[in-house]
Each structure stands twice: as C-alpha cells, then as structure tokens.
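First up is the structure itself, then whatever we jot down about it.
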Amino acid sequence: MSEVTTNEYNEDGKLIRKIRSFVRREGRLTKGQENAMNECWPTMGIDYKAELLDWKEVFGNDNPVVLEIGFGMGASLVEMAKNAPEKNFFGIEVHSPGVGACLSDAREAGITNLRVMCHDAVEVFEHMIPNDSLATLQLFFPDPWHKKRHHKRRIVQLEFAEMVRQKLIPNEGIFHMATDWENYAEHMIEIMNQAPGFENIAQDGDFVPRPEDRPLTKFEARGHRLGHGVWDIKYKRIA
C-alpha cells in the first residue's frame, strides 16, 4: 500500500496543503493483471524511492524520455511505445489494475522501451525525476473536477506547471495535455498562459490538431459518444 497525495490549491493556483492517505484505489486485479505484475515488474516496473532516477540506467540507452501521468489501463501508452521504438516511455499510474493491464499489453506487444510506476505522480516528480531531463510530459484526460467548487482540485495549476517546467528539457521539452471537457481545456490554457517559462506552440495560440501519434483512448471515444469535443494543448519550455 502506497501513500497517495491529494493537493489543494487556492484561487491563485498556489499549493495550500497536501492531503496524504494510504488508500491506493487498489481495485481487484484480474488473474491476467496479477500474473503480468508478477512476471513483468522485475523488468518493466520501477519501485518508489526518494532518490533521482538515472534514465540511462533505467532504459539502457540515451533515447528521449516521454513521461505520462495517469495512463489509465495503459493501452494508448503501450501503442505509443510500440510505434516509437526510438523513444523511451515512462508511465505513472496510481491504480494498480491499470498498471497490471498495461504490463500485460506491453508483454504481448513485446516492447522493451516502457517502464511503469504505481505511485502518486507528484511525489515521484518531487523525488525521482531529474530536472531538465524529459522530452515530453503527457497528461491525457485528467479528472476534470467539473463542479466549480472543485476546480481547485484540478491537477493543472501554477504550482504543478512550475514542477513540470523544471523537469522538461530547456528550450525543447513539450507539455502535452488533452481533455474532453471544454471548461478544463480553457482552464489549462488560462493556467499555462500565466505560468512562467512556457510558450503555446499552436499557430493560433490556443489548441493544436489531434496529433497522429496520440492513439484514440477510451476516454476520447466516450467523449465523442457524449457529444464532447476533444482538445489537445501543447506548451514548450522556453526558459
């Protein structure tokens, strides 16, 4: 059982406090997921330690690192890793059945350029991810906390943006977000436009077309069924 951190922010996006609990949202692992966790964790799983990772040691090469926060069941992350063997992919997901499903798919796909963690992403960022080291950070379909009184719980806040900025490679690292909630998309733009050291790479300074390298996720398919649009947003670290 791992610590999970829930952050609360004020209206200015500043961190007020961290609420810690020891509930991992375990869920029930299927036999296939449990088998994948047991078999694949030694080669693809990374245990939480409060010390910085060495990407060359983790992956055995110097290829660019793409990190995804909250990969769900991992299908799109595995597909991206399979389609881009010249990159390394690192996924963080707090829901263990999702990690098991991701490992099962990765094993079936025969990919070797993927590593996963089952832990709170903020703690991993604070203690394990080296500064200036990520080519891309992916945040796809995070919890929109659609009620206005809950907007302060959204992960995309100024404090989080600064943490992301520190981890991206200077002058080239990309923060790629996607959401099927228009209000959250507008919130992302508003926060990131305030965040120092970032530049929106969209031609109109708003949203980018859906990138071909981002696979269709179940959340996106759900959004289409509900009549929602999907918004992709990319910011580049420029300082």
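Glycine is no exception: its Cβ is also placed from the backbone N, Cα and C atoms.
The feature active site is assigned by Swiss-Prot to ASP143. For the recorded site, ASP143 (active site), the DSSP three-state label reads coil.
For ASP120 (S-adenosyl-L-methionine binding site), the number of other Cβ atoms no farther than 10 Å from its own Cβ, over all displayed protein chains, is 22. The secondary structure of ASP120 (S-adenosyl-L-methionine binding site), as reduced to three states from DSSP, is coil rather than helix or strand. Annotated S-adenosyl-L-methionine binding site per Swiss-Prot: GLU68, GLU93, ASP120, ASP143, in sequence order.
Positions annotated as substrate binding site by Swiss-Prot: LYS147, ASP180, THR217, LYS218, PHE219, GLU220. According to DSSP, THR217 (substrate binding site) sits in a coil region rather than a helix or strand.
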Near S-adenosyl-L-methionine: residues not in GLU68, GLU93, ASP120, ASP143 with Cβ within 8 Å of the site Cβ centroid are ILE69, GLY70, PHE71, ILE92, VAL94, HIS95, ALA121, PRO142
For THR217 (substrate binding site), just count the other CB atoms lying within 10 A of its CB, please.
-> 21
Between the C-alpha atoms of GLU68 (S-adenosyl-L-methionine binding site) and LYS218 (substrate binding site), the distance in angstrom, to the nearest integer, is 16
Integer Cα-Cα distance in angstrom, ASP180 (substrate binding site) to ASP143 (active site) = 10
Could you say which of the binding-site residues GLU68, ASP180 has its Cβ with the most other Cβ atoms inside 10 Å?
-> GLU68
